[in-house]
Amino acid sequence: MIYLDNSATTSPYKEVLDSFYKVSQGFFANPSSIHYLGGEVEQLLTKAKEQAASLLNVLPKELIFTSGGTESNNLAIKGIALQHQNRGKHIITTQIEHPSVLEACRSLEQFGFDVTYLSVDIEGKVSPEQVKAAIREDTILISIMHVNNEIGTIQPIEEIAAISQQYPKLFFHVDHVQGLGKVPLHLAHEGIDLCSMSSHKIHGLKGTGLLYIKRGTSLYPLVHGGGQQEEIRPGTENVSGIVAMVKALRLTFDNQKNKIDEISKLSRSIRECLAADSRIYINSPKTGAPHIINISVPGYKPEVVIHALGKKDIFISTKSACSSKHSDESAVLAACGLEQSRTMHGFRISLSFYNTEEEINQFCRTFLEVLDELSDVMGR
Amino acid sequence: MEFDHIIIRYGEMALKGKNKKQFILQLKKNLKQKFTSFSNLHVIRSRDQMYIKLNGEDHEKVIEKCQEVFGIQSMNVAMKVENDVDKIKEGALYALREAKNAKTFKVTTKRPNKQFPIGSQEMNQVLGGHLLSNTDQYTVNVRNPDVEIRVEIRQDATYIMSGKIQGLGGLPVGTTGNTLLLLSGGIDSPVAGYLALKRGVKVEAIHFHSPPFTSERAKQKVLDLAHTLTKYGHQLKVHIVPFTELQQKIFREIPEGYGMTVMRRMMLRVSERLAEREGILSLTTGESLGQVASQTMESMNVINEVTNYPIIRPLVTMDKLDIIDISREIGTYEISIRPYEDCCTVFVPKQPKTKPRKEKIHQFEDPIDFTPDIEKILENVETVTISEKSPRKELFEDLL
């Protein structure tokens, strides 16, 4: 099997599964129970949070565990909007955010919020000047992703953070789900107030995510309950999932240190090989994240190509899995201003630390073969 | 090019006379216990300093460990190079670059080897010039540099040292006898234990446990505190004393205002008996004058009456805030503030006597025979030995 759909989800590390099992079995007590068993689990949870904080270079109390990237994004956006609506009701985001950001913003429009969806250039980039120009007296939140999930564009987070810092009423949220472990981001950087992360994108398990909330930032909780996690995200903690995520984070950061160059190398060879074929357009910018390569093959129906590759045990995706259920067009590619022949025929190849050069060579060869096989029916 | 050894300078023990060797041997032993994870290190002692040959181990990690050992005043990382100007230049540049936070530097050359062709003054200029022209972020400051690069040109080779790194000071643990620390779950007693360790005392702990009035979590808290202290004391025995029955008896038999005073006296009695049994020569407490009702001069006078053992009170004249500072530094604060009841808080009377009177104490205490209770407690002490690498910690590390 050649798995190249790592931006949809990754296969869990073996060590992570082991921890998940051991914690589920041996530390099943409720961390809020006052008996000894509960105390032990509470300690484990504390330890896990401390380790996550030290890996991310933030304070333990600045981290809230959630059910995943979608919840983290919703909690950040709605939490800030509800808590600070008296200051203003304007939110700035971009047209190419993940649906959990875009839909959260749209839902707020029903409650009288005004949202600016910034356009992006052909590479999917938003400029700091655009952000600055969009800021109004009543703007309370900017939400911009670090790495785009479909094409891998890296947004100028540092510059935008510097701008948002000049406006004390403004909070800055970064969706770091795709960037985590691949493109470094300094959370403690002045100006980033909130940051979303997800476990299953870094070889952890589905059902756990993180939201960094800078000290002193107040949020209105989306759910109410028994006071766990600073009352921001109550509910009995998903201890096994949390421990698994923290372990995945540690292993991923180790890999990032040692293996990120390998991913960049694989990414370059995919680009070189596919760009040499006149049927294929590369959509991902060269300056983008190393693990995401988005291409278009005009005339070829993506679904058919995906299935043909699947038969040969090779797995890539069309656009992001989270929006594949809707229309055929990639909203991200459309926002980049590409014509329909490209936006309707996009593919995403996404890499992990597990992929090898051999796999990549085989993928490129097979991909071109599949195009050849289908060319009678679909070629232009 | 890399640092190949660390030079360790002794603290106060350098001033010792004929028994100095014992101190040095103990320090070497304590260091070796810290170094179990570095298989290549070689420790060489001499009368005035100790050398650690790194043999490829990471000097920063070794230094970190050394900074948890009492008896070390300061350390230098150093390297040995040939008596060759280019090699010395290269070494000095490496040493400067390794001094991460420094902005200013100075070079000090000594030349005991007079055959070396360049004088020490000239050598300072040659090296200083080389460092300046090969770096951007540093300037020279001869009066008060952030880092001093010291170069010693000897017969066999040249030694290059940088930045003095502070050690913890104090005396090597195990050189000045032993003590039984009364360890509660609070902020003070672990700090008292730390300071006793700093004076070279080997510490064992006694904890008064009153289930079900105090929980397993309170006990675990004490074990965690003890575990934190093992960082400085390598191994710590914790004697857990079942205190419930005696405490209930005091509660029943002694008028409320004096209950706390009598309880303290009982704690000292039990501690003294345990110390005697274990061959321990002193008691240590976290008492600080005037902090709570049991720590007024009157209370301390009355409570102290029950024992002839020396009681070490490292915190007795310290301000609470200073105590908190130390507890944060040594990592016990976060554990101490966990909110579980300990045995002192459950039975505390609403209005404890701050000025208990001796004759009153005797009037209440003398008619009651507490001896059987104390004997029973001593028979049921649970002793836990905690070492720096506890299985519990390893389990968590394994999971995470």
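Any Cβ shown, glycine's included, is placed from N, Cα and C.
Computed from a predicted structure; not experimentally measured.
The domain 'THUMP' annotation in TrEMBL covers B:60-164.
Taken from TrEMBL, the feature ATP binding site applies to B:LEU182, B:LEU183, B:HIS207, B:PHE208, B:ARG264, B:GLY286, B:GLN295. A C-beta separation below 8 Å, combined with a sequence spacing of at least six in one chain, links B:LEU182 (ATP binding site) to B:SER189, B:ALA205, B:ILE206, B:PHE208, B:MET267, B:SER271, B:LEU283, B:THR284, B:THR285, B:GLY286.
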>> Is it possible to get the count of other C-beta atoms within 10 angstroms of the C-beta of B:LEU183 (ATP binding site)?
In response: 28
> Rounded to a whole angstrom, what is the largest C-alpha distance between any two of the residues B:LEU182, B:LEU183, B:HIS207, B:PHE208, B:ARG264, B:GLY286, B:GLN295 that the record assigns to ATP?
Replying inline: 19
> Near B:HIS207 (ATP binding site), which residues of its own chain have a C-beta under 8 A away, given they sit six or more steps off in sequence?
Replying inline: B:LEU183, B:SER184, B:LYS219, B:VAL222, B:VAL238, B:HIS239, B:ILE240, B:VAL241
> Secondary structure at B:GLN295 (ATP binding site) (DSSP, helix/strand/coil)?
Replying inline: helix
> Once the chains shown are all counted, how many other Cβ atoms turn up within 10 Å of the Cβ of B:GLY286 (ATP binding site)?
Replying inline: 25
> Going by DSSP, is B:ARG264 (ATP binding site) part of a helix, a strand, or coil?
Replying inline: helix
> How do the residues of the domain 'THUMP' (B:60-164) split into helix, strand and coil according to DSSP?
Replying inline: 36 helix, 33 strand, 36 coil
